[in-house]
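The structure under discussion appears below in the form of structure tokens.
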Amino acid sequence: MVPVFLIVVAVVMAVLILLASIYILVYFQAEEDRNTAWAPKVAVVTGLTLTALLVLLPPMDVANRSSGDHLDMALLYQIMFVVIAVMVIILIPFLIFYFEAEDPENPRGQLCWAMVYESITLGIAAVVLVLMWIFLGRAELPVTQYVYDAQLLNATALTLSAGCGSSDGCALGQNNHYEIGVTPIVYIMALSSFIGWTFLAIFGGIGMAALPLDLILAYKSRPQSITLQDYSKQRLMLHERAKKLRSFGQTLGMDAARSRKRRERVAYNKYKQAVYFLEQDWAKVKVAYKQRGGNPLRYIAQAILGVFCLILSIAWVVHLLLYVLLQPPITPLLNDFFIAMDSVFPLFGTLSYGAFTFYLFFCVLKGCLKIGLRCFCMTIHPMEIGNTMMNSMLFNVWMLLFTAPAIVQFTASAFSTYARLTAVDMLFGNQVENLIFLRYIYRYDVFEWGMVGQALLAALYLAIRPRERRALEPTSDDIVELEELRA
């Protein structure tokens, strides 16, 4: 019997997620892009919707298993992974290349450069995928072999749990492996998950420490009411900073972001960081004077949210240590929590699962921003309410889409008791995690150890240096570097 209720719930959730994605786009987009750039807006909404739908498939998978496996969830997973692969390899990179190469005087050249860069990206991805699938597209499934003499075996007296000995006519089991080929779609799933795992382990680990801390620091450094005299003084100081940054920006030029020279790219990233903090400071000064410090409930909510995020981070680290990394597992922990919530009401288990899972996405975005603000090895793309340009929104959606497959695999492993005997458990647990190229990485939990290690190291570092060093300040050595670039 077709689970009508499950299908209705899935359709309703898909519609709600689509509406939420449109709201996020409208809420964060910059005023300059309000009535333009429709193609990237469609890509952003589609990407956000796909990300949320993919992450919510495991709870649906669990419900489908409980109702008798009437829906082909394995096929649904494979369709979603292929669509996401098209998004992250073809559509979103092309749009990012197109907007990064923006030239009002030569729009045709802008399109040509985007097509060239996208052709190179697609060519490299296709060659890597095809070659790896041809030579490494096999999984080695672990099996245990038993050899016995059928004439001597007493089948009625012997049980598998009791084992057997030579006197019973059979030998002890020997560990071996059975090799199978995987389809190209499964290999696409494996590679996309592998790349996403890299983002999750690095950025997600840092974000677990940084996200709660930044929310709590935002409460501690909230704007306080100031007088007109203080407002005028702060405004004058910010005006001087803006003039200097404008001069530095003119020195760097329009092509600094695309420069092949590492020194110029680092200087551009420092400039972006300085502009970001200038905008943050100006916003705080306006709130301090014009709104008399702003609504205190907003900052109390930030503090409460920071404590809640801290609880989630601690719960994730403890669960990884006690259930995933230490073998045999000491306690199911979050698995029991989700099962208990499901027993109260099925929706509660899904909501609990969603809270822990979507929190990982916020950690990835926060960790990526944190590295950009401190290391200057990459351009920052902050999500600012009413002031997020389309290229930044596309970059963040691209990160989410790349990380989503890894998070699905991660949660299927971390919550294996909750997700046992589901389609995602069969796809990742039997095939992807036993691929000859990746099996040792998953067998020894390399990514999980890296994620926990990153979170602990980031927590220690941020406890010592909780705030970023601001680049391009008048007393900074970066001024000397920029002066040298002028020469």
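For all residues, glycine too, the Cβ spot is worked out from N, Cα and C.
Nobody curates TrEMBL annotations by hand; they come from automatic prediction.
TrEMBL lists 6-26, 38-57, 77-99, 111-136, 185-213, 299-324, 344-365, 397-421, 441-464 with the feature transmembrane segment.
Taking residue pairs at least 6 apart in sequence, the transmembrane segment (397-421) and the transmembrane segment (38-57) share three or more C-beta contacts under 8 angstroms. Highlighted: of the candidate stretches 77-99, 299-324, 344-365, 397-421, 299-324 has the greatest count of Cβ pairs under 8 Å to the transmembrane segment (441-464). Cβ atoms under 8 Å from those of the transmembrane segment (299-324) belong to residues 208-209, 211-216, 218-219, 222, 330-335, 355-356, 359-360, 362-363, 413-414, 445, 448, 451-452, 455-456 of the same chain, restricted to positions at least 6 beyond its ends. Note on the transmembrane segment (397-421): residues 43-44, 47-48, 50-51, 54-55, 57-58, 61-62, 65, 81, 84, 87-88, 92-93, 96, 189, 192-197, 199-200, 203-204, 319-320, 323-324, 332, 334-336, 338-339, 349, 353, 356-357, 360-361, 364-365, 368, 428-429, 432-433, 447-448 of its chain, located 6 or more positions outside it, place their CB under 8 angstroms from a CB of the stretch.
Residues of the same chain lying 6 or more positions beyond the ends of the transmembrane segment (111-136) and with a Cβ under 8 Å from any Cβ of it are 89-90, 93-95, 97-98, 101, 182, 184, 187-188, 191, 435-437.
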